[in-house]
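Student: Here TrEMBL flags 193-344, 433-505, 535-637, 848-931, 1048-1136 as domain 'Ig-like'. Taken from TrEMBL, the feature domain 'Fibronectin type-III' applies to 646-742, 744-839, 940-1033.
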Amino acid sequence: MKDLAHLMANSCWNTDSSSVLINYCVSFLFVAGKDITFVAKVDSSNLLRKPAMKWLKGKWLDLGSKAGKHLQFKETYDRNTKVYMFILCTDAGGYRCEVTSKDKCDSCTFEVTVQGRSGDRQSHYCEDAGDLDFSALLKKREKKQQVVQEEVDVWEILKAAKPCDYEKIAFEYGITDLRGMLKRLKKMKKVEPKKSDAFLRKLDSAYSVDKGKRIQLSVEVADPNAQVKWLKNGQEIKPSWIEMLVLRLFSPLHLIVAGFAESIYSLFSLCLCLSVSLPLFVLYPPRIIVPHHPCASRYVFESVGNKRTLTINKCNLSDDAAYECVVGEEKSFTEVFVKEPPVTITKLLDDVHTVVGEKVEFEVEVSEEGASVRWMKDGVELNRETAGSKYRFKKDGKRHILIINEATKEDIGMYYAFTNGGESKAELEVEDKELEVLQSIADLTVKSAEQAVFKCEVSDEKVTGKWFKDGVEVQPSDRIKMTHIGRIHKLTIDDVKASDAGDYTFVPDGYALSLSAKLNFLEIKIDYVPRQDPPKIHLDTSGTGNKNTITVVAGNKLRLDVEITGEPAPTVCWMKGDQIESPVTVAAVVAEAEGRVRVETRKTLSSFVIEGAEKPDEGHYSITVTNPAGEDKAELFIKIVDVPNPPENVKCTSVGEDSAMITWDPPAFDGGVPVKGYLMERKKVGSSRWTKLNFDVYESTTYEAKKMIEGVLYEMRVFAVNGIGISQPSTNSKPFMPIAPTSEPTRLMVDDVTDTTCALKWRPPEKIGAGGIDGYIIEYCKEGSDNWVQANEEPVGKNQYRVKGLPVGEKMLFRVVAVNIAGRSPPATLSQAVTIREIMGQRYIRLPRHLRTKLISLVGEKVNLVIPFQGKPRPVVTWFKDGIPLEDKTVGTRTSEVDTILFIRSTERAHSGKYTLSVQIENMSDSADIHIQVVEKPGPPIAVHVTEVWGFNAALEWKPPKDDGNCDIIGYTIEKADMKTKEWFMVYEHNRRPSCTVSDLVMGNEYSFRVFSENICGLSDEKQIVFLQPCLAYKPPPFKEKDISSSPKFTAPLVDRSVVAGYATAISCAVRGHPKPKIIWMKNNMIIGEDPKYLMQNKQGVLTLNIRKPSLFDGGRYSCRAINDLGQDEVQCKLEVRGKLP
């Protein structure tokens, strides 16, 4: 009956090929007491992963957790048809079957009705009674006819019901998710807002603010005198006691307390400030603004008329809360959401390939320091509590590092790094350490009762291993012994027997390595004369007329066993083409065969072996067996197939905003099997992580890659797929960037027009994109024509261009196109045609403000005057000096279309005068005057003498200097010196008159006086000295000044140095000489000018040259030269600059 029910269930399923479910159910009717089985079949041929099946009873009840005796689930999968079969064994009721897989979903509903059997007194709702039968104790009841009720909408019932009845209704209609039911009811019910009496405008439902920013919550109240309270998560936000005191003192004025320092000093300062200058704080409408203090509260309360405002400064995560504004008994609610800026990953994880026991580090770099990074391995989070000593977490600024100590095979997997703004993953591959074989085991041939010893040596003493004979592990015995001493492993077999012959293998534990050798047993046989039978080749597909083909995958091993018969034993000869491959006789017990292609012959069996088949092994082969009784021959063809070669010539033909068109050529060699299609991968330039673009084989050689980021460089590679496997990847394509053309240039206008040219200017496009702008193309055509002519051969980078060679008097249209790597943008065209004709413009000289007054310059300075002008056509510019055309060769001029330049490389006093600039266009002209005065220091005063001496005073007089330096004398400076000490002291400074009285002299001392003249350039270099003889009889002997003049002489030379690039260095020397010598620093005999890289210092004759962060180019020979009137001296050294250490 169970099978019958199964068949009945299947007979009611309907086929629909467009859905994920192959069949779906309508309804069933069964007899009570029988098993009911439902089968749901899902076609997974187009699915990427296993589908999820969900069985529900009624509308809400999930049967996944109800499995038991009366409810069973089963699942099978057919690999040939790729069909999942989900089986449900259940009882009566309404059911729904849902299947989901990624973006696909399908479902079906069905009803199961159970009809009771006639005369059966046991209800189908009864549980199994076990060994005892209580059915006889049950009373027979009349069967109630089921009344089919109309389907009702449970949500309409819930909307009209009271909240206290929700649970009862949910239980009645089988709703188990009460929380989900309440959420849905809350969305369905529309609450009409009540009109508020206290608020004219309430708070918005929610506010959003970035972390660290300021936010204002404002309401409007009906009563301007109403007091409001602000609550945060139900707790009132209260100002400090100082703020409360000021609020009470000035409540009639509606204060705004913008946060005060909680200190008595601040309170008294505030009160004093308010009492003294209260009118300065009163505004209209009346309010007082109190200056913000650095220690103020973050909450600012404001009350202006009917408006109440709460300002939160420098929001942080603690301010993410619910806020209320309370006026009397009415409240206004809102929520503030503080958004934390996402932390992005700037440097992705890289895949790691290592060996067992090595240290592994995964490093990721984020956009902010101190950010939180979560590490996961295969979906399991790694932290300090669960990781133990296996993993270590390290932070270094923006770098986060996961360290794995002594990696093992268990650490293989995918590792993830998560931030709140991105994620990155990398794969860890761990391989066993390679074991080096120092001595391999060798083949042995022994006789009966002799000893056989297999010996090998490996690089690791701790490595253990096992010995195998013909794939079976060798067990030690009295005759067989295995030893391990240091790096040497031995297998000793005493009293060798014929059964000991075979292939012996040593396999080290924990390594994918094996050492093999063969033990040959030499047995003496007595020859006898056999009977003669013709040789015969027993091949399954033998035939002299057919060419049998054997297909072998390249790299695999081919072993072709051919059975042969004949007496005496025939001679076997394998041949490839016309060459003998390896003739072998079957006389020996075990044939000695060497090489990759060989023949192994046993009794009545010849085996043709190719180790690691290669393409040259392909061809026709034949086997020939001969003996004295006859000969037999068989031919066959061995075909070598392989994965195809990589595709060739992968390139990007075109790009879009987020896509690119990729083409390639098929592989040159298809591996002997037709190519089925291709697989594509892409990656960002600089990254080592490739992303698969398709999982199903793509047949065409043109592919459009989508969902790329504009402005990012990508590379592509392609794999070819045939029936054997996947080829190696092709060479990477040249990097390409998905970009889109720019928008059209903006604000195109005409800047200037002449008889044959037109100057245009424009602004860059509003939308440029990641491709940038390579330049602009300017085109023109005659009005009424569509023949556009390109004005510039190469794109221009500036936003202006003058089109030349235009016909005079023609009306021309112009347009400009922006060009980048993606192509041309839409053109920007002038709205009206331009008539090509010269426009007469007014001449005008724009004299700079600083040249409108007299220009004063020192002798030897450089003068460079730039004076702009305008006028059309180009005006004629003429320079005059003092009304005469300028012909001085030391004064240069240069004129362009828009300005003229007057420059003097080294000014002299003769250059002083009035310079006139004249601009003339036909009969119109304009001019401007520029006054230049070249000055220098004045000469010394003349005829300085003492006119009178009385008491402690002396009167001096002098005459103005002969040379005033080409400017007025602004005063004189007088100094005195006692002839004993010979130290000069200032008496007067900026003395206007040519006379003065010197006081506070010491009677009996001899004095000398000197006078300097002064103008705007400074004091005169020369001075006039006069001596005052003492009034006493004592006359000291005349002082004879010693001549200390000497030529420069270096007392400490420069020393050769070797420095590291990037670190500041200095070279020093010392010099003496009088007068003070002039110092010149040179590098490689070239004078070092005012280069900011070098700093030259001279402290008391100690000369230092500081070099800031020298590079490799700063190395060379440096010299220092000292020069004065008596001679010169020079020292030099060699400076070597080395590169930084790695």
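Keep in mind that glycine also has a Cβ here, set from the backbone N, Cα and C atoms.
Keep in mind that TrEMBL annotations are predicted by a computer and have not been checked by a curator.
Describe the structural context of these features.
Tutor: Over the domain 'Ig-like' (433-505), the average per-residue pLDDT in this prediction is 87.
Across the range of the domain 'Ig-like' (848-931), the DSSP-based residue counts are 6 helix, 50 strand, 28 coil.
Assigned with DSSP, the residues of the domain 'Fibronectin type-III' (940-1033) fall into helix, strand and coil as follows: 0 helix, 52 strand, 42 coil.
Residue counts for the domain 'Ig-like' (1048-1136) under DSSP, helix first, then strand, then coil, are 3 helix, 58 strand, 28 coil.
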Student: Within the domain 'Ig-like' (433-505), how many residues are helix, strand or coil going by DSSP?
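Tutor: Per DSSP, the residues of the domain 'Ig-like' (433-505) fall into 3 helix, 37 strand, 33 coil.
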Student: DSSP-wise, what's the residue breakdown of the domain 'Fibronectin type-III' (744-839) into helix, strand and coil?
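Tutor: Its residues fall into 0 helix, 45 strand, 51 coil.
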